[in-house]
Each structure stands twice: as C-alpha cells, then as structure tokens.
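A single structure is presented below for examination.
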Amino acid sequence: MTGSNSHITILTLNVNGLNSPIKRHRLASWIKSQDPSVCCIQETHLTCRDTHRLKIKGWRKIYQANGKQKKAGVAILVSDKTDFKPTKIKRDKEGHYIMVKGSIQQEELTILNIYAPNTGAPRFIKQVLSDLQRDLDSHTLIMGDFNTPLSILDRSTRQKVNKDTQELNSALHQTDLIDIYRTLHPKSTEYTFFSAPHHTYSKIDHIVGSKALLSKCKRTEIITNYLSDHSAIKLELRIKNLTQSRSTTWKLNNLLLNDYWVHNEMKAEIKMFFETNENKDTTYQNLWDAFKAVCRGKFIALNAYKRKQERSKIDTLTSQLKELEKQEQTHSKASRRQEITKIRAELKEIETQKTLQKINESRSWFFERINKIDRPLARLIKKKREKNQIDTIKNDKGDITTDPTEIQTTIREYYKHLYANKLENLEEMDTFLDTYTLPRLNQEEVESLNRPITGSEIVAIINSLPTKKSPGPDGFTAEFYQRYKEELVPFLLKLFQSIEKEGILPNSFYEASIILIPKPGRDTTKKENFRPISLMNIDAKILNKILANRIQQHIKKLIHHDQVGFIPGMQGWFNIRKSINVIQHINRAKDKNHVIISIDAEKAFDKIQQPFMLKTLNKLGIDGMYLKIIRAIYDKPTANIILNGQKLEAFPLKTGTRQGCPLSPLLFNIVLEVLARAIRQEKEIKGIQLGKEEVKLSLFADDMIVYLENPIVSAQNLLKLISNFSKVSGYKINVQKSQAFLYNNNRQTESQIMGELPFTIASKRIKYLGIQLTRDVKDLFKENYKPLLKEIKEDTNKWKNIPCSWVGRINIVKMAILPKVIYRFNAIPIKLPMTFFTELEKTTLKFIWNQKRARIAKSILSQKNKAGGITLPDFKLYYKATVTKTAWYWYQNRDIDQWNRTEPSEIMPHIYNYLIFDKPEKNKQWGKDSLLNKWCWENWLAICRKLKLDPFLTPYTKINSRWIKDLNVKPKTIKTLEENLGITIQDIGVGKDFMSKTPKAMATKDKIDKWDLIKLKSFCTAKETTIRVNRQPTTWEKIFATYSSDKGLISRIYNELKQIYKKKTNNPIKKWAKDMNRHFSKEDIYAAKKHMKKCSSSLAIREMQIKTTMRYHLTPVRMAIIKKSGNNRCWRGCGEIGTLVHCWWDCKLVQPLWKSVWRFLRDLELEIPFDPAIPLLGIYPKDYKSCCYKDTCTRMFIAALFTIAKTWNQPNCPTMIDWIKKMWHIYTMEYYAAIKNDEFISFVGTWMKLETIILSKLSQEQKTKHRIFSLIGGN
C-alpha cells in the first residue's frame, strides 16, 4: 500500500474549481506526487454533466456529488492500489457532501467528505450529521472544508468560536467524534487558509473521526500547496493485516528514450559496458544478464537526475514559501505577504507552463489521430474491459473467499499444480509416435532450420516488434531494442551464437510474468475461468520469433490443411465452409447415421507435455541446433503470477507452452497434428465421404470439429484414441462441454447413441469460431445474419452519444462494423434477401448522421476519393465481392482448399478447375441444393456480362483446360508445355506467334508429339481463338488469374466492382463552379479533390475542408426549401439571399475577415488573386509560382473557414482575433507533432514567417491573455 505496508494515507483539499483543463492536469500531477490511498476534494465546481472531466490515471474509483450549477461539488478518489470495496453511497443533490461506506482489507471505513457553504456552515454541518446519524459509526472519518474553525487555536487572531460553532462541537462530542488534527497537535498553530480581506489565517479544513479511530491514526499534518488558496491535510491511518497490493517491478519509461541527452548517455554506457566486460572468463549469457542490470540502474539514475533538475526550482520556491508562511502566521508583515503572493504566482506560472506543455503534447497526439481509424476512435467504442481485479474466488473446499491472502494462495497453488504435472512415461511416448506415420523434413529443410542465426534476422525481428506493449519481468520494452538497435544487435548476435553452440540460455530468458485474463461470459469466482498470458522478456521473444519464422517456412509440410490456426495463408472460415458442406451433405442423405462433434479441450496450451513435444519434433526430422535451442527454452522456465498488481512467488513451468510466446502456437499445432494424423489413419474412426474425399477433421489451434459416420463405433474409438494420446501428451478434453449434432433416421438407434455418447447433444446450433453452425443449413441466415443485425443495432445505439464527428463515425463503421459483416460474408456466403442490406444500410446511416437528416448524399460518400479519402463502405458490393472471390480458388485449384471441392452438388469436384476462363460444359447441372458455389457462379457470369467479357476463352485460359483436352492432346504434352512455357494458352502463343515467341518455345516443339502439335496449331491459329485470346487482359481477369495469394482479394474485387457499378452523382465541385459563375477544368476538379486529402495530416482539420468542398453546411436558401418557407435571407442580417457562396465569401460581414487574410498574405509577400475558389476549394491559379508557400496559405484559409463556420447562423461577424487563435491552435499542434515525428525543418518552412507576422499584429496583453508566444524562436 502507498507509503507503507501498515497504513493508508488520506488527503483532503479544497481545490477551488476544476473547470479549467490546466487546473485538472495540475491536480492530477499533485495527487500522483503525493500518492495517497484516498483523496477527498471540495469545491470542484463541476456540474452533474461534467463528472466525466475528473479523471486521474491510477485513481479509477471516483465518487462524486455535484449540483446543477458550477458551484460546490465534492469527490472522493480511491487509488487503484487500495483494495476498497464500497457498500453504500449517499450524495447531496447540491454537491455539498458525499458519504461512502466500505471496507479496506475487510476493515470497515466510512468517509464523509463535506464542503460547507460560506454562510451558516456550523448549522449546515450539524444538520448533515443529524441526517446521516444512522450511517455514522465507530469507523467514520469526516473531512473537508467546514468553512469554520473548531477551536480558538484555529484562528491566528485567537478569536473565540461563535455560538453556532460551539453547538457544532457539542454535536460532535455527543456522537463520539473528535478533531483528529487538534487532538494529535493540541498546541499547533498551523493553518489551512489565508483570508486576504481580513489578513488573517485560519484552519477551516478539518479531519474529524470517531474516538475509536484515534488509536489507528499514525500521524496527521498540513501540507502546503499552490493549487488553491487552501492547504491540504494528510492523515495516515493504520490498517491491520494490510498487504502490499502493488508490486514495484521496474519498467522502462519510454519517454526517456526520446530525450536526446539520455539517449547519448545510454549509447555511451552500452558501448563502455561491452568494451570493458567482454572477455573469455565471462559467458555471454551471464554478461547479457549483467548488462541488463547495469542498464536498469543507469536508467533509474538518469530518470532521478532528470526529475531532480526539473523540480529543483519548484522545490526551492516551495521551501521558501513554507518558511515565509510559517513566519507570516506568527507575525504578519505586508512586505512578507507580498513576497508570499509573488512566490505563489511564480510557482503557479511554472506549473501552468509545464502543464500546458503536457496538455499540448497530448492534444497534438489526438490532433494527428482523432476521427481516424486509430486508437482514440477504438477507445471510444470498445467494450468496458472485464475487471482484472480478483476480489473473490472459490477455494479448494468450494467456499467463496474474499481474504486477499487466501485468494493469492488459492490462485498460485492452482497454477503451480497445473504446470507441475510432468509425465515421465518416455517409452509410451515413443510407442505412440511410432504407431502412426508422421511427415518428415528432408535434409535440406533441416539444414535450413539449423543455419546460423544472422544479424539481419535479429534486425528484422526488432523492427517488427509491436510497440506500447507490456514488457516482461526485466522491464525492458520493445522501444528500447528499437532505439538502441545498432548497439545491441552485434552483442545479441554473439549471445545467440553462443546459445546455438552450448544450448544454454541466460537465466532471464526463463523468466515470465503471468497475468490472468477473465474468459468472457464465465464465472470469475472459479480459478479455472481465467486465461493465463505470459509476459516474456523481449530478448527471449526475439530468439523465439527467429525460431518461429524458420519453422513457419516448412509448417505446411508438417501440418495438414485441416488445421487453419496460425498457419500462413489459411483462414478460419475455410473450416466453417467445410462444416457447412458436411452438414448439407448429411441433410441431403437418405440414410442418416452421422455425428458432428465440437470438442472442447481443457487448458490445452497449458497441459501439453514438453518431453512429448520434443520427441514429436525429433520424429518430424528436426534435430541439431534448432532442437537444441528449443530444449534449452523448455529446460527450466519459471513464472510468477501478477495478481491484483502484486507479484506472487515464482514457480517452475514443467508443462505447457506459453501463451504469449511467438513460437508456442506452432509448437502446439505440431503436437496436436500427431492426434489429427492418428484420427485420419485409424480406419475404425470413419469419416464422412464427400465425393472422392473422406472428411474427418477441422481444426483451428485447439478448436476441433470431428465428422463421423457410424457414431457408436467411431465415437468410441475416437474417445479411446484421445485417451491414449492424453496419457502421453497431457492433452485432455472436457466431454461435458463438448457438443454434438446427431443425425439418425431410427429413433431407437438415436436414443441408444445418445445414451452411449458422453457429449452434449445440440438440437439447433453449435458455436464454432464465432459462427453458429446449425443442424440444418436452412437456418444459417436466421441464426447468424439476424443476430448480426441485432448486434450492430445495439452497438450503434450504445455509440450514439460518443463525442465524434460524422467523419469519425464513417471510420467507426469501417473499423468496427465492416470487419464483422465481411467475416459473416466469408464464412456463410449464402443468398441474402435485399431487406438485410436495406436494414444494415439504414442502421449505419442513422448512426453516421446521429439520427439527423443526411447532409451529404450516400452516393457521393460511397464513391472513392470523392470525400477526401472518407469513403462509406457499400455493404452490398462487399457481399458481392466476397461471394465472387470463390472463383479465384477455382482457378488456383489448390490442394489445401478442401472446403471448396466438397460442396454437395451435381458438379463433380474435379470440374471446379474448369469453371472460369474455360470451355463451358453443355451438360453441367448445379442442382437445386448447391448452396454456395452455384451462387458464386451466377454472380461471376452476371459481372462478366456487365463488363461484356467472354468468360470462357480468354488470355488466361489454361493449357490444362477443356479446350485443349477436347482436342485429345496427350497429358504428357500438356505437362511438357506447362513446364517449359507457362500455364496459359497465351504462353504458347496464338496466330502467327504460335510456339515461336521465344527460342525456348521453338525448342519445345521438338519435345512434343507431332499429332498433338498439329492439333494445337490448328486450335491456336484459328481466327476465333486469336481474336478471343490475343488481347490485353482486363483488370477483372487479372484479379482472378495473376495474384498468387488471396491476401487483399476482397478489396481488389470490391474496388473493381465499384467501377463496374458506378452511378452518376451530382458533382459538388461543379455545383461550386455554377455558384461562382465559372467553369472548372478537369485539372481544377482534380486539384480540389487532392486538396481535401492533402490539406492536413489531421483529419480534424481536413474535415472542415471536406465539409466545405462537399457543401455540407446548411444555408438559408436550403433551409427555406426544406421548411417550405419564404425566408431565404442571410442569417447574419446583411439582407442578402443566403446562398452557400454568399455565406462563405460574399457576405459583407464576412468580407472583412477575408480582407484581413489577404493583408497577411501581402505581408508574407504572396500575391494571390482575391478569388473564393482558392480558400474555399484549394484551386490555386495555374501560373502561381510560390508553390512552396501553399502549405502556409492552406493553414490560413482553413483557420478562416473554421472561424466563419463558428458564427455560421449567428448575427455575428467573424473576428480577426478568433481567426488568429485558430491559426495558433493549428500551429501549436503541428509544432509538437513535428518534434515528435522529426519533421521540424518542414514545419519551420511552413510557419516561421507567418509566426513572426502573427506576433507583430498582437499587443502584449492579447499575447498573454491567449497564451500566444513564439515556439520556433522560443522567446
């Protein structure tokens, strides 16, 4: 606990208003520096609507009482380090008090925080005590601003207390309450408040408590501060059995890495360490751990020195202030009082400047990211994270305990036991592995795994490390390795080479911290319902990632395509489609005797036996250096659990693969592949025959589905096999949580099977990879797409009040809604009714425009780049793209795409290869039951017809096609042509180019059968063939034929479909041209569109330009049409008709601002025509030579747009000072962004001259009032 393991610290302070962001930041800094367990603050001046403004990192539990007006207001802040459990809260509606009852470490505590009004304070407090009499007990503390002294010593004038105060003291005495400060300091003359009008000191802030609590009060003191005109009071309260609830594990502060001085100091330290300590007597493993210890100490020292330097002046002034106030309280003196006021003002200015810098840095970060698909937007919509604090747990007896010590013991013992069950039956492991055939890597592949680790591999891994992630136990972050890459990589290389030779890791590589993440929707009082995630040291992760990258190159040879989890190029929806195909096949079958089982594994990653894993790797042919390093990794790993912020005692990890290690998923898949191979090879476990293929399994890591015929025999043999596998591997299944679909025509047999199978029989649905698999495929829409619509409606309803513009809302749709929808489209591309898309579009548009009338037409927003890069997704086209992309898999004809060949239909599986860019089969029948592929085929043909494309004979028609096979060309000839020339007919050459394009083509002629050559020549030189094949392929054809990977496939098809189904829309830029009575060329329109995208890196700034160009703003003319009224005159009161160009430019009340802008341009020596198209649309004259100043002009113009929009429908004239303030805001934000992004030179080029002109136009009073000071010049 804060400060000690035996007491808590409580602070009380009147903050005198928190409506200023600077004041709130200063309060946060002060509270963090004091680090109390509980902080009571008064006079927040926040209203009921402003409660969200009071946020302090590390003090998430904040209880507030606020009124409707900006006065009074109290709050109690409880540190995250304090295990406080509230049981009752009472608030005053006017915000004068709040009472919170609760407990800390099972000791009861009641805190009443009071702000008494200036008049009648004693009577008010007395009334509060009367109202809350039943809640005040022997565990009560009352504190706050009482606005009255309680004793003679509480005033510097020694004036007697009045009658009301005497009555209050009497009431306190009757309820066994005492002034704790005065009791512990009976003769002290320290005060908390100075009254300037009366020139007197007084102690009107108090901590009052029950007499029973006095023995627990360790000490209390008054703390001078410069946040307000009050001093704070601090109380230390003893709590029995108080445990340290937070660990003090060191973690590198990444901000230090950005400090140039710190960076140079650390570079020198790293260089000196290795030069001094690298020798033959010290192993690289020990040297590396010693290096990290030295670095840790150096960072701590540098951070302490930096903080000391930063606070030296503040500490000096604070000491002076404390001494002067002490003297002033004893003997008042006017000159001393002036000195105190001066020091307070100086301290306030220093703190304000520091706070302002922090605020601007923070705002700059948001300035760059706000409304973009980035973290701020994600935070706005993310679900409230499950609380990681574990306050209750079921112990081994099944009883719920809240005792922190017992919770720690229960959790630690459970996970210690979980990871301690190491099997020693090595012979049984060998026997099991020898029973089944496993794939093996060849010598060349093994040598590839065992090649020496290189520096380039280490650099590539360091560059790819995700940033802003929690580090391992050593505290070093990914940013540390990236910042000192040049210095660290040479030694890391030597370290890894030493590990390769010796098979020994540094001790720190074995360490890990385990954090427990609650499984969603599970009972969190059960210790097994948490997911243990290992936080490993980054250096260990670098080594493991190198190993993972190497094995990943060969993983497809070792792992069957049934497994799609963590395998490159494989996707989860492959197995969903396969499962749907199997279910459809069973639905169609007349004789049903099948079962589909979704197997739930019990702590799968944590129970895998490490000896079995190592033996499996060896069985696959993996040996040598690669296996030696893996053996070393699993030699003696340890972990400590971080529970409620406290690090528990470490224990060994004898089983399992670490969740959080980059190598673990692949190692787990390799182990589970042994079981998968065994299931496939066991003939007594009969799968389901789909055409020529027997389908038994689908896996995504440990999520397994098994498809079986003859359930009684097959399921029993499956369970027996899994039981045998469990004995050697540690893998176990939870049969009660495993679910199954049972299909049988005979009710008696079905009942028998249900009685013998231990699985839960599902009657309607089974959830698999986020999709509801249904017992009958006809229910797929009902169980998946209808709930999806409901979920989206609920989400958008939850998000309706988020502080986000329409542009940000479009990005939320793209970031949070579109991926969900596409995943459903991918997994279940069935025919959807139009009502689904209508409802989906209606919901998203309602969210984007926040229940209001749309300002910009959907057709304009949906067109790419028409809205400055803010493109509204067209869900129907995404659906069409997802459905059609199956054709790419047909053309590729990959062996791994079993899901694509096994759909029940009248088409034979081998025919899919000949569907697109091939000769149509006359007798082809899809059949009425074709659920997915027929729908793809119909969409494919429809799009080809739309494009007027020949879908059958094209430049991408394959040599191994029906066109060539129907010529009775020998397979050997086809193979020879493919090996020597390519896979398409165009590669052979058509017309006069037939087999004469290259010397290799001519040489291939001699290798093929003469009769085949004659047939081929006849076909390839035919006029019809030449016309249809010898042409430039279209973009549509290239999408399906030229890309070897399906990465980005949907986006490519979608972008092409947007062009195909493009609709004519009103061009807003042409409307501007009409309003301005002029013509814009294509170049002008392109310039305006480009300007929307490039005018600023901040979307918050770009949004104004987008809104202006897209004609977003309502005008009197437009409103008159909407409301069907006759009043279309300018809202500013000039009397003219309020068209859009009038409101932005022509209005005589707006013109003075634009003339001021042009005066600034002349001061910048820029001669630009006084033309509205330039500031409003960014269309500069073609002969404008000062292109380098366009960035400067753009900032000025956009600031002017903001200023005009601010008074859009008000009878006010936009002022020059408002325009300058907006410019300065943009300037300040870009300044901090430029420093952070190392773009300061270009920033200076844009702003330097303009900064000088702005400062020259303002008086010193204006500069001070609006805090406008030079940032580039620094004066």
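Keep in mind that glycine also has a Cβ here, set from the backbone N, Cα and C atoms.
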In Swiss-Prot, which of 544-547, 696-699, 700-703 is labelled motif 'FADD motif'?
700-703
Per Swiss-Prot, which one of ASP539, ASP562, ASP591, ASP600 shares the Mg(2+) 1 site with ASP702, ASP703?
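Only hit among ASP539, ASP562, ASP591, ASP600 in Swiss-Prot's Mg(2+) 1 site, alongside ASP702, ASP703: ASP600.
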Out of ARG531, ALA601, LYS603, LYS737, the binding-site residues in the record, which is closest to HIS561 (Mg(2+) 3 binding site) when you go by Cα distance?
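Closest by Cα distance to HIS561 (Mg(2+) 3 binding site) among the binding-site residues ARG531, ALA601, LYS603, LYS737: ALA601.
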Provide the three-state secondary structure of ASP703 (Mg(2+) 1 binding site) computed with DSSP.
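The residue in question, ASP703 (Mg(2+) 1 binding site), is strand (DSSP, three-state).
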Please report, as numbers and ranges, the same-chain residues at least 6 past the borders of the motif 'FADD motif' (700-703) whose CB is under 8 Å from any CB of it.
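Same-chain residues near the motif 'FADD motif' (700-703) but 6 or more away: 563-566, 572, 575, 598, 601, 604-605, 665, 668-669, 672, 768-769.
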What whole-number Å value do you get for the CA-CA distance of PHE605 (dTTP binding site) and ASP703 (Mg(2+) 1 binding site)?
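So the alpha carbons of PHE605 (dTTP binding site) and ASP703 (Mg(2+) 1 binding site) sit roughly 12 Å from each other.
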Would you mind sorting out which of LYS556, ILE559, HIS560, ASP703 (the binding-site residues) have a C-alpha within 10 A of the one on ALA601 (dTTP binding site)?
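Cα within 10 Å of ALA601 (dTTP binding site): ASP703.
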Find, for the listed binding-site residues LYS556, HIS561, LYS603, the residue with the lowest Cβ contact count at a 10 Å cut-off, counting only other Cβ atoms.
LYS556
Helix, strand or coil at HIS561 (Mg(2+) 3 binding site), per DSSP?
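Where HIS561 (Mg(2+) 3 binding site) sits, the three-state DSSP reduction gives coil.
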Sort out the sequence-distant neighbours of ASP703 (Mg(2+) 1 binding site) for me: same chain, 6+ apart, CB within less than 8 Å of its CB, listed by position.
GLY565, SER598, TYR768, LEU769
Once the chains shown are all counted, how many other Cβ atoms turn up within 10 Å of the Cβ of PHE605 (dTTP binding site)?
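There are 21 of them.
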At the level of the C-alpha atoms, what whole-angstrom distance separates HIS560 (Mg(2+) 3 binding site) and GLU43 (Mg(2+) 2 binding site)?
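Cα-Cα distance, HIS560 (Mg(2+) 3 binding site) to GLU43 (Mg(2+) 2 binding site): 67 Å.
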